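**Q** Attaching a single structure in C-alpha cells format; questions to follow.
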Amino acid sequence: MSDGTDNSGQAGRSDQNPQVTREEHEGPIYPQNVKFVGRALIVNNDTFKGDSKKGVYRSGSDIDVKEIYDLLLKLGFTERNIVRRENLTKKELKHEITEAAGQKYDDYGCFLCVIMSFGEPGIIICPGKNDQPDERCELKDIQSPFTGEKCRTLATKPKIYFIMGSDNYIRKDVSEGGKPSQPPFVPETKKIPRECNFITHYSTETDQGNWNRKKASPYIEAVIKAFKTHVLGGGDMDILKLLTRINRIMAEEHASIPLVTSLLTKRYHFRPRVQVS
C-alpha cells in the first residue's frame, strides 16, 4: 500500500488516483470522518516598500491575525496544524504554499488559507525585502500546487481561501509622499487547469480606518461574526452559505461585497470538535 510519498519525496503526492468509497463519492457532503479538521496557513503582510521614503504599512493588522487564529482553534484546528507567517515576499509565499501542498492530508478534512495584504481582484501584493520592490502575486500561484494531480491526498477535499487584499495600497502610498504606482507584475504564460473542490472569498474593501483602532478590520470582523452566529452558536451552515452571509454583513455595514468563487462539488460544514493532539 502506498504511503502517499512519490519518488520525489513529496508527501502530498502519489502515483495512485485518490481512493474514496462509493458512499463518499456520491454523498452530498464532503466526508468529515477524519482525525483532524484540517491544516491552515495564515499570512499577514503589513510592511511594504511603496514609492515613499516612509514605506507603506498596515497598522493594527496583528489584531486580525489573532482573531482568525482564535477562530480556527474554536473550529477544532489544532495549534500544530496552524502555520502563521508574516511579510512574505512573492517567492516566500509560493514556497510556503508549496510546503503546505507537500504535506499528507489522508487524516485531514480540508486545507484553509487566510492571506491579509494589499491587493486587487485576483492579485496579492507581496512586500519587497532589502533593495527589492513590492511584487504582485497571482491568486492562481497559491492555488495551483493544490490541484488534484499535484496534491493527491487532498484532491477530493475542499481547499478554502479567505483573501483580504485591500485596494488602498496606492492611496496610502500617495498620501505619504509617494507617486501613484503599481508593483511590477510579470504574468506567467503557463495554463493552470480549473480544478474542483476550491472555494475562494476575496475582499478588496478599503479598510484603512480600522487598522488604526483596537478592533479587527471590517472584513475579518464580518468573517468572525458569521462563524460565531452560524457555526459556533449552534448552527450548521455550510461554507458557501456562510460566505453569502459574510457578503450580506459587508454590504449592509460597509457597502462592500467580497467576491465568491466556488468550485466545490458538495457541501462542506465546519463542525467544532474537541481537539485531537
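Glycine is no exception: its Cβ is also placed from the backbone N, Cα and C atoms.
Just so you know, TrEMBL annotations are computer predictions that nobody has curated.
Below, the features straight out of TrEMBL:
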| type | residues | note |
| --- | --- | --- |
| COMPBIAS | 1-20 | compositional bias 'Polar residues' |
| DOMAIN | 38-163 | domain 'Caspase family p20' |
| DOMAIN | 188-272 | domain 'Caspase family p10' |
| REGION | 1-28 | region 'Disordered' |
**Q** If you run through the domain 'Caspase family p20' (38-163) with DSSP, how many residues end up as helix, strand and coil?
**A** 39 helix, 39 strand, 48 coil
**Q** Note the mean pLDDT of the domain 'Caspase family p20' (38-163), expressed as a whole number.
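**A** Result for the domain 'Caspase family p20' (38-163): average pLDDT 92.
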